[in-house]
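Features as listed in TrEMBL:
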- 17-99: domain 'Nucleoside transporter/FeoB GTPase Gate' (DOMAIN)
- 20-39: transmembrane segment (TRANSMEM)
- 60-79: transmembrane segment (TRANSMEM)
- 123-141: transmembrane segment (TRANSMEM)
- 175-197: transmembrane segment (TRANSMEM)
- 176-262: domain 'Nucleoside transporter/FeoB GTPase Gate' (DOMAIN)
- 218-239: transmembrane segment (TRANSMEM)
- 251-274: transmembrane segment (TRANSMEM)
- 281-300: transmembrane segment (TRANSMEM)
Amino acid sequence: MIKLVSELLKETYSICKTLFRIMIPVIIAVKILSEMGVIKVLSSLLNPFMKFLGLPGELGLAWATALFTNIYGGIIVFISLSDGLSLTVAQATVFASIVLIAHSMPVELQIMRKSGPRLRAMLILRMGGAILYGWLLNLIYTATDTLQEPLKILWVPPVRENTLSAWALGEVKNLIWITCIIFTLVVVMRILHALGLMKLMERLLGPVLRFFGVSARASTLTIFGLTIGLSYAGGMIINEAKSGKLSEADIFFSISLLGLCHSLIEDTLLLMVVGGHLSGIFWGRIFFSILIVILIQKIIRAMKPEYFHKMLFLPSRN
């Protein structure tokens, strides 16, 4: 029993070590840049895109905050701005959807890059995917006159202290929470392996995920990422990539899918209570993500390996 617990703790430590080496420097850098006013500069660049998506330009600040920090920060800014903008449910859903696809970019892009895909490819995928999906949603809602009723926000998050100590304490709590989640995932993976359920899941999920390029071997980790989040599953995928258990194609298709569609439970609920409709933030996002990854799969299958490495994937994963 002691040996088993020791092995679980070692595996958790290995994953967290890999993940935190990426996250901690980026979190500190993001805080410094935020204090220097980078978010306001980014928001001014996003204003034209917001209007293209049928949203008020002012919401560029909310998306910039979510992109640079996290979803929670973006929601706080969105709520503070929404009172004076007379938003519809459709507009809130479009905004929520682009935030769900593209947020926490400094941290999440580094996690994705460490797995193997090139940073620029993932940046284009997530930003381009968010803008394309937001445009399609706005087009559909406007053409069908759907969700045009006034927005009613169901929940207002508490305002956090804007001090350095409060920020540091909040980030430490987040890292502790991530450690607990990863330990739980490691335990769950061991139990699934011991009961033979891992192979069963791979057989059941394999055909579905293989349809858009993810092999059975990567299916379980991909499902974890889809349900609980990219950061948690990303650390495990990085370790699997380093071990050579996953092919480059497995990693790229899995990470691409997770880049567009992850944390389907927590993040979806979070955006739903501030006005996002399930048609856009859940069902539509899943359908859109699958279509995009199938398209990516077809393009890559026709691509020469040297172009794949030059444009999309780092040859070395270490």
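Cβ atoms here come from the backbone N, Cα and C positions, even for glycine.
The list of residues near the transmembrane segment (123-141) in space but at least 6 beyond its ends in sequence, with Cβ under 8 angstroms from a Cβ of it, reads 49, 52-55, 90-91, 93-95, 97-99, 101-102, 105, 109, 147-148, 256, 259-260, 280, 284-285, 288-289, 292, 296. The list of residues near the transmembrane segment (251-274) in space but at least 6 beyond its ends in sequence, with Cβ under 8 angstroms from a Cβ of it, reads 71-72, 75, 78-79, 92, 96, 99-101, 108, 112, 115-117, 122, 125-126, 129, 153-155, 212-214, 218, 221-222, 225-230, 233-234, 237, 241, 281-282, 285-286, 288-290, 292-293, 296-297, 300, 312-313, 317. Remote same-chain residues near the transmembrane segment (175-197) are listed as 8-9, 11-12, 15-16, 19-20, 23-24, 220, 224, 228, 231-233, 235-236 (criterion: CB distance under 8 Å, separation of at least six residues from the stretch ends). In the domain 'Nucleoside transporter/FeoB GTPase Gate' (17-99), the DSSP tally of helix, strand and coil residues is 69 helix, 1 strand, 13 coil. When the domain 'Nucleoside transporter/FeoB GTPase Gate' (176-262) is classified with DSSP, helix, strand and coil residues number 74 helix, 0 strand, 13 coil.
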